[in-house]
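Here the structure is laid out as structure tokens; the discussion comes afterwards.
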Amino acid sequence: MSVARLGRLSVRVRRRSVAVVAVLLAVTAAVGVAAVLSGEYTSTPAQALDALLGRGDVLAQVFVREVRLPRALAAVVVGAALGASGAIFQAISGNPLGSPDIIGFTVGAATGAVTTIVLFGGTPAQVAVGALAGGSATAALVYLLARRDGGVAGPRLVLVGVGVGAVLSAVNSLLLVRSSLAAAQTAAVWLAGSLNAMSWATVTVAGSAGVLLCVLATLLSRPLGLLVMGDELAGGLGIRPQGVRAASIGVGVALVSLATAIAGPIAFVALAAPQLARRLTRSPGPAVTASMAMGAALVLCCDQVAQRLFAPVQLPVGVVTGSLGGAYMIWLLTREVRQRRR
Amino acid sequence: MTAAPPRARSRRRRRALVMLAAFGLLAVAVAASLSVGSRPVPLDEVWRALADPDGSVATSIVRGQRLPRTLLALEVGAALGVAGAVMQALTRNPLADPGILGVNAGASLAVVAAVALSGFVGIWFYLWFAFAGAAIAAVAVYLLGTVAGAFATPARLALGGVAVSAAAGSLVQTVILTDQRAFNEFRFWAAGSLEGRRWGILLAVTPFVVVGLLLAAAVAPALNALALGADAGAALGARPRLTAGGAMAAVTLLCGAATAAAGPIGFVGLGVPLLARALVGPDQRWVGPVTLLYAPVLVLLADVAGRRFVPGAEVQVGIVTAVVGGPVFVAIVRRRRVAT
């Protein structure tokens, strides 16, 4: 543990956390550069670099600047948002299984999107709006139902979220069973979560919102860590527990809405990234920053695998985050045991 | 013996009331399940068909279709509910449902893979594949939790289960996104249904459910002791490793059988044990029996409602359990303090 000072500001910093975040950012940067510079169309990195700088083959320029670069940036934004929101919800619920799903957000977003697809045959933009509306309405409903005496307790929030989520997930199955095969398949593709066809317009808007929200999440990380010790103790340390909790839920919901609107419900990242980050940093608190970096690295790497594993067939990134993230977590769990026995 | 303190007495009365109500509800649900359907059979005819069968249409409907379906609903409900109660006690996590062991994901993967690779469809075909997939996934999670001889801690089991489920779920998605036929079969199987299940399916899964329930009853006292933590539990005479192994075996048998017979039915294993704890407190010896009675009530009533929900076509029981159970659950959570 050491202290970083900047003028009158000083922040306590854990060396191990800083190292982990640095390594994760380096991995993200390296994979990002590789993602932009290599691919089917441009055969050498030099050609791709030319295209990136606006020289050479026009078609290569389109591929590199209009397809690969926005896609890689979108992967980073989506991953960081999912990681941060997962860390927030695990801290609030005090439960390693806590993720944005626990407040029914993801299920509600799916209900919105699947309704738009199945009942109205919506365009992708309309589906994104449907997902946002469904998710936000569900989160608001769960929050209101879980409110009592002017505040929300973690366990009650979780349980109400489980109940509401169960109903909505049944509605989703009903929609899938009752719809035509074609509509059900379109819905299944959206439900898998994918980063195909990212445009600069999407990335610019989502990127700025994402950066703002990630800064807010980082600022909330210390008071959140104190909440874990219990409301009274945190209150004694100068924190307003209900205020922090409400603000965190707001930021967490906004983060996961952003990610879901861009890419659909990408499986497992919000749940796994904070757990992986905590295991690597050995941090006792919610490790919001490390979770963000882990989420970004995870989604970016998985999207590369999704694009290249069965090329030219492109898998949805959600398929890969589930299997690769799952395998990584299994490996980490087994390694932890072996180390403890030594 | 001195008189019990008032608090203990009121709790005892409450438990008795809860059990009594359960038997009443169960009787109503069974009667409704035998009588309601696309061709309604009045209760007196149901009775005649059961007690004194003749060659009438009512007899063949009640004895050939409704009775096995009702018994299967009872079994599936009991299996899922008790498995959930055991799982929540073992992982000491109120969010743990049987699905967390990877059972549903394993069964789903086995079913889609079998359909995609062989092209066969049908309940009987799914039955054994689903069972095998569920068992393999549960064993994998248990091995993951106890790898290198370490004791399976609750958090490790839960996370291992989530990891295995995520991996299997991704593979399921890969298959259904690339194989249209498998997807079309899968979306109906995955909703969870009791439609068309006759005596054969019932008899095939009954032994697994019975053994699973006995095993669950055998580990319940030890689970109580282990609720205090592995060390404290061991000091009270419970054997953590044996208990965890027995509990996992029970959950695997129960969920594997239920999922094989009816597809993955959600919410029952999660919601009913939580509800039972809210009603009778955290003692496993009460949570188990209360769950055993209320979970079948939920599944039966959901199945009956599904038959009459929309005219012309049945709504799958797995959908109705959640739609009916969810709001009740939320109402109860809002009203009282839940022991989590």
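Using the three backbone atoms N, Cα and C, a Cβ is placed for every residue, glycine included.
Looking at A:40-60, A:313-333, the range tied to transmembrane segment in TrEMBL is A:313-333.
Checking the ranges A:15-33, A:72-90 against TrEMBL, the transmembrane segment annotation falls on A:72-90. Range annotated as transmembrane segment by TrEMBL, chosen from A:102-121, A:222-241: A:102-121. Within its own chain, the transmembrane segment (A:313-333) has Cβ neighbours under 8 Å at 75, 189, 191-196, 263-269, 272, 275-276, 279, 298-299, 301-303, 305-307, counting only residues six or more beyond its boundaries. Between the transmembrane segment (A:127-145) and the listed ranges A:102-121, A:197-220, A:249-273, the one holding the most Cβ pairs under 8 Å is A:102-121. Here the transmembrane segment (A:249-273) has Cβ contacts under 8 Å with residues 74, 77-79, 81-89, 92, 97, 99-101, 103, 105-106, 109-110, 113, 128-129, 131-132, 135-136, 139, 143, 152, 157, 190-195, 198, 202, 206, 209-210, 213-214, 216-217, 220, 291-292, 294-295, 298-299, 316-319, 321-322, 325-326, 328-329 of the same chain, all six or more residues outside its ends.
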